[in-house]
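Q: My questions will all concern the structure given below.
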């Protein structure tokens, strides 16, 4: 008698139970169980059709269901992060390719940054490199995308903001100079103090009463303590400058009339003046406007030059004579005082009375004379 093959209804029920338990374990995790200390992501490629091991009875134990749920959760997270990283990488590559296309169209008007060389890969190669990098190292792609914009920035002034413009050097005013007598090296964290070496000369800018002065040394403006320096005495510049100007501006007095006329540029009148008696500078001093009329010199510029030269020559001689007289007069009283001998003048100290002794001597002399006169008159 033929037996009927049993139906597979009993076999289907365990599989349905397994699917339900799998879905529940993946959606609702076992929160009561502690997490592993060092979870390791499986390097196998994720496949939803993987067979899950089961025991002999065909029903999963709670421990197996928890482990499978954790594995699925980790795999889902890896898939999501991988897809997001790929999307972000593609967006960054697209943005970079657009920027590079714009710069290539504009031309090489502005120099590119030094980080980008001329042999840099095109946008397609960069896209391929990004995708390969994503497949090899999915976790570190977020860092690469965050720093991807810094790899090649075609901006014209990428490093210009790093270059600081040099500060203009201080040129004055100064209130004195000081020489360093003790070496001083400031702390490396103190950028305002000057490094002092013995013998350095500092141009003092400010001398506050606190004791920390401001000065210029070797082109650097900074502070220093006054105890390390000696203030140099200021040079008497005022009276010296006029004498230098006078010595530079003053020419020596001309010795001949021809030399004087050469200086004022009127050599053409040399023969006229010599023929009419103006042979020396002493004669030229007496030149007046009427004399020029007699000499037939009618050019107003020439007349003015000749008259001015005569007046200056006269003033020069009179000034030198007065200076010589003043020097002689200043030397005479000194010689007089030196040549005078010192005379000792007796002074009465007041201790002795000399008037009575003098009177007694005078009376004695008078009596002697009277006696002599009487004796002469009484003689026969």
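Using N, Cα and C of the backbone, Cβ positions are placed for all residues, glycine too.
Owing to the predicted nature of the structure, the values given are computational and were not obtained by experimental measurement.
Copied straight from Swiss-Prot:
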REGION    1-76  region 'Disordered'
COMPBIAS  22-41  compositional bias 'Low complexity'
MOD_RES   27  phosphoserine
MOD_RES   34  phosphoserine
MOD_RES   42  phosphoserine
MOD_RES   61  phosphothreonine
REGION    96-168  region 'Disordered'
MOD_RES   97  phosphoserine
MOD_RES   103  phosphothreonine
MOD_RES   110  phosphoserine
MOD_RES   112  phosphothreonine
MOD_RES   113  phosphoserine
MOD_RES   120  phosphoserine
COMPBIAS  141-150  compositional bias 'Polar residues'
DOMAIN    173-234  domain 'SH3'
DOMAIN    252-316  domain 'SAM'
COMPBIAS  318-327  compositional bias 'Acidic residues'
MOD_RES   318  phosphothreonine
REGION    318-380  region 'Disordered'
MOD_RES   320  phosphoserine
COMPBIAS  369-380  compositional bias 'Polar residues'
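I would like each feature placed in context: is it buried or exposed, what are its neighbours, and how far apart are things?
A: The secondary structure of residue 97 (phosphoserine), as reduced to three states from DSSP, is helical.
Classification of residue 103 (phosphothreonine) by DSSP places it within a helix.
Counting residues per DSSP class in helix, strand and coil order gives 3 helix, 29 strand, 30 coil for the domain 'SH3' (173-234).
Helix, strand and coil residue tallies for the domain 'SAM' (252-316), in that order: 45 helix, 0 strand, 20 coil [DSSP].
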Q: In whole Å, how far does the CA atom of residue 103 (phosphothreonine) lie from that of residue 97 (phosphoserine)?
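A: Taking the Cα atoms only, residue 103 (phosphothreonine) lies 10 Å from residue 97 (phosphoserine).
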Q: Among the modified residues 97, 103, 318, which residue has its Cβ surrounded by the fewest other Cβ atoms within 10 Å?
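A: If we count Cβ atoms within 10 Å for the modified residues 97, 103, 318, the smallest count is at 318.
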Q: Please report the Cα separation of residue 97 (phosphoserine) and residue 318 (phosphothreonine) in Å, rounded to an integer.
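A: The Cα atom of residue 97 (phosphoserine) is 95 Å away from the Cα atom of residue 318 (phosphothreonine).
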